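These features come from TrEMBL:
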TRANSMEM  14-34  transmembrane segment
TRANSMEM  46-64  transmembrane segment
BINDING   Lys102, Glu103, Asp132  UDP-alpha-D-glucose binding site
BINDING   Lys251, Asp275  Mn(2+) binding site
TRANSMEM  508-531  transmembrane segment
TRANSMEM  543-561  transmembrane segment
TRANSMEM  581-600  transmembrane segment
TRANSMEM  627-654  transmembrane segment
TRANSMEM  666-684  transmembrane segment
Amino acid sequence: MATFTLHTETVESWLILTRLHIMLHLVAVLLLCYYRISHMCHHTRVPWILMTIAEFILSVLWFFKQAFRWRRVSRTVMPEKLPSDDNLPGLDIFVCTTDPKKEPTVAVMDTVISAIAMDYPAEKLAVYVSDDGGCPVSVYGMKEACEFAKEWVPFCNKYGVKSRCPKVFFSQMEEDMQLLPTYEFRAEKEKLKVKYNKMQKNIEEFGSDPKNCSPVLDRPTKIEIINDEAEIPLVVYVSRERRPHVPHRYKGGALNTLLRVSGLISNGPYVLIVDCDMYCNDPSSAKQAMCFFLDPITSKDVAFVQFPQMFHNLSKKDIYDSQTRFAFQRTWQGMDGQRGPGLSGSGNYLSRSALLFGSPNQKDDYLLNAQNNFGKSNMYVESLKAISGHKTARKNIPLDIILQEAQAVASCSYEINTNWGNEVGFSYAILLESTVTGYFLHCRGWRSTYLYPRRPCFLGCAPTDFNEVIVQLVKWSTELCLLGFSKYSPFIYGISRIPIIHNFTFCYFTMVAQYGLALLIYGIIPQICFLKGISVFPKVNEPWFVVFAIIYVSTQIQYLIEVLSSGGSLERWWDEQRIWWVRSLVGNLFALIEATKKWFGFNKMKLTLSNKAIDEEKLKKYKQGRFNFEGATLFMSPLIAVLLVNIVCFFGGLWRLFIVKDLEMMFGQLFLLSYIMALSYPILKGIITMKSKGE
Ligand SMILES: O=c1ccn([C@@H]2O[C@H](COP(=O)(O)OP(=O)(O)O[C@H]3O[C@H](CO)[C@@H](O)[C@H](O)[C@H]3O)[C@@H](O)[C@H]2O)c(=O)[nH]1
Ligand SMILES: [Mn+2]
């Protein structure tokens with residue numbers, strides 16, 4: 001354990017065992033590759049070559065994945081040792097929203113209110129909402145939200161409320177710890193609840209008019225200060241200019257605009273980014289994050305502090321693994337043991353200077369060439385000097401002049417001939433702005449840290465049907481695959497800039513899409529060969545069989561230990577394998593197709609927005625743990641094909657086996673087929689009920 005002034009770092013205690021396991025497994029994997037190549041000519045060519053390709057891909061992926069296990073750390077913080085409130089730095093919170101139909105304004109306002117109510121000095125805090133839809137309902141909602149917050153924040157402070165997202169507070173049964181259920185408290189709570197309901201009703205009513213809630217795709221900039229009274233933080237609405245013929249760069253573009261607009265207005269040295277569905281569930285997260293930014297040792301090169309993305313709408317069974325347990329428990333902690341986790345887009349505190357000034361000691365070079373890097377606004381460049389430490393006390397510029405300048409920096413032509421999206425701000429290299437920006441920050445020598453406190457700090461909305469799950473996965477996997485084949489690939493660009501093991505983690509991300517190909521081969525070839533009596537695995541009594549057995553058993557046991565040690569159950573272990581297999585096959589296969597299309601320019605670069613509106617019908621099925629394939633016909637096709645091949649070959653092959661009696665030759669395949677059949681049983685059930693209902 002390493003102790004710093006404001007935080008501690010603990011390395012996983014099983015480190016030696018883990019590394020030993022990696023080494024042993026590696027030997028088995030190498031033997032397997034050797035076996036495939038050395039036995040090439042004894043066997044039927046085509047299936048053997050295909051199996052070799054599949055296993056090679058899986059082996060390489062396995063190899064890079066071990067980087068996440070190499071040195072896993074966890075951290076704790078000591079916020080009580082932070083300087084007093086007067087000495088804390090400014091913090092700007094960015095909330096992004098786009099489309100009220102997929103992102104209901106009422107829910108977005110819950111997020112906004114929870115951000116306003118952050119436990120941080122109000123005069124140091126500012127909340128910015130970027131509205132990429134430019135919808136009147138968002139402005140209206142924010143005004144209502146601010147009115148409510150003016151009573152809500154004092155109430156939370158007075159009683160030390162922890163759940164500062166009003167929706168959560170009013171729906172849970174007084175379990176909010178340490179609250180005194182006094183008469184006064186109850187009365188105030190009831191009064192606020194009435195106000196809250198009224199606010200929701202008003203917003204819904206206003207939004208029911210289609211002209212108030214339809215995104216406008218051709219519009220001028222609109223920036224409005226919604227609150228500047230001192231009792232709650234500054235609240236600003238920003239809808240950047242949008243023109244149909246100018247690329248708007250999705251969330252990355254929105255964040256860069258916010259960086260500039262907020263730079264002119266409040267210019268906090270740190271920013272927090274939350275998606276519009278990710279409300280702040282623990283008001284102390286800002287102070288927790290400051291423990292890294294203000295620590296005398298780590299403050300020098302920490303670019304961001306990432307919190308896990310967790311979700312409020314998960315069911316116990318979570319059949320789609322929407323919580324992405326592996327990513328947020330293992331992956332990020334593993335990267336944290338190297339130079340830090342990737343940026344996951346929401347629930348992350350970033351240092352403004354890290355985003356703007358290249359590497360940890362490059363500030364001055366960037367400012368020398370300010371206009372080329374940051375654009376023509378002199379007022380904005382002045383604000384940068386304040387951030388970089390060249391403190392020029394801000395002259396008292398009248399608010400209307402500032403807002404006028406803010407209009408200019410939010411226009412869609414402002415970034416032309418500048419370094420925005422390139423070396424400055426959030427990157428536009430791929431549409432997955434978060435991951436790629438985090439990657440570039442690491443390339444430039446910054447670190448990041450991961451904090452996984454017991455109480456989730458941010459809670460969002462996870463997809464709850466098959467279609468949504470796959471859409472999201474395809475979106476991520478496609479973009480990562482494109483990064484892998486670009487000039488910024490970790491194999492060529494990252495390799496000379498990021499320490500080797502850390503770089504392996506990025507290699508893994510950009511290669512995930514290849515799972516699609518490997519699993520497709522594994523889902524079809526051994527099956528057809530089983531039917532035809534061609535063996536693709538060693539005989540069960542041959543020594544080589546042991547290699548395969550070891551790899552399978554070792555993987556399963558390691559996985560089981562991981563699930564159990566992170567609080568999961570045996571059932572979870574089994575369920576996760578199923579959805580891992582399905583997601584990896586379907587999502588990545590489509591990602592490969594999509595990436596190829598984008599690579600050759602057949603497909604427009606576009607990004608689908610995840611749905612956050614709750615559909616009761618879908619939610620019900622999800623809560624019952626029933627697969628819901630509605631609207632996913634296209635995505636289902638490879639899955640159904642593989643399952644059909646499996647079933648036909650399983651029974652046909654058994655029949656053949658019964659006649660020919662070559663079990664020792666076919667054992668490996670029989671096992672694989674049975675395993676897939678057992679694993680996919682609930683999916684078959686889902687498909688059959690869907691068909692029988694004629695859906
Ligand atoms: O043109 C756009 C599109 C999206 N967004 C906002 O970006 C956020 C994330 O979009 P969403 O479709 O919900 O993405 P998810 O797939 O749920 O999000 C994951 O993946 C994104 C990368 O594409 C990250 O930015 C997110 O933080 C991460 O949670 C939302 O608040 C959107 O309103 C914009 O502001 N402008
Ligand atoms: Mn989301």
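Just so you know, glycine gets a Cβ as well, placed from its N, Cα and C.
TrEMBL does not curate its annotations; it predicts them automatically.
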Within-chain partners of the transmembrane segment (581-600) [C-beta distance under 8 Å, separation at least 6 from its ends]
320-321, 469-470, 473-474, 476-478, 481-482, 485, 512-517, 519-520, 523, 635-636, 638-639, 642, 676, 679-680, 683
With Cβ-Cβ distance below 8 Å and at least 6 positions apart along the chain, what are the contacts of Glu103 (UDP-alpha-D-glucose binding site)? List them in sequence order.
Thr97, Cys276, Asp277, Leu609, Lys612, Ala613
Rounded inter-Cα distance in Å - Asp275 (Mn(2+) binding site), Asp132 (UDP-alpha-D-glucose binding site)
13
What other residues of the same chain, not counting Lys102, Glu103, Asp132, have a CB atom within 8 A of the CB centroid of the UDP-alpha-D-glucose site?
Thr97, Thr98, Asp99, Pro100, Lys101, Gly133, Pro215, Cys276, Leu609, Lys612
Provide, as an integer number of angstrom, the distance between the C-alpha atoms of Lys251 (Mn(2+) binding site) and Lys102 (UDP-alpha-D-glucose binding site).
15
Long-range environment of the transmembrane segment (543-561) - Cβ separation under 8 angstroms, sequence gap at least 6:
21, 24-25, 28-29, 31-32, 35, 537, 570, 573, 577, 667-668
Is it true that the transmembrane segment (666-684) and the transmembrane segment (508-531) have 3 or more Cβ pairs under 8 Å, skipping pairs fewer than 6 apart in sequence?
yes
Rank 14-34, 46-64, 627-654 by Cβ pairs under 8 Å to the transmembrane segment (508-531) and hand me the top one.
46-64
Tell me which binding-site residues (Lys102, Glu103, Asp132, Lys251, Asp275) have a Cβ under 6 A from ligand 2; sequence order is fine.
Asp275
Taking every pair from Lys102, Glu103, Asp132 (the record's UDP-alpha-D-glucose binders), the biggest C-alpha distance in Å rounds to 13
For Asp275 (Mn(2+) binding site), what is the secondary structure state per DSSP, taken as helix, strand or coil?
strand
Secondary structure at Glu103 (UDP-alpha-D-glucose binding site) (DSSP, helix/strand/coil)?
coil
DSSP secondary structure for Lys251 (Mn(2+) binding site), reduced to helix/strand/coil, please.
helix
If one looks at the chain holding Lys102 (UDP-alpha-D-glucose binding site), which residues at least 6 apart in sequence have a CB under 8 angstroms from its CB?
Leu609, Ser610, Asn611, Lys612, Ala613
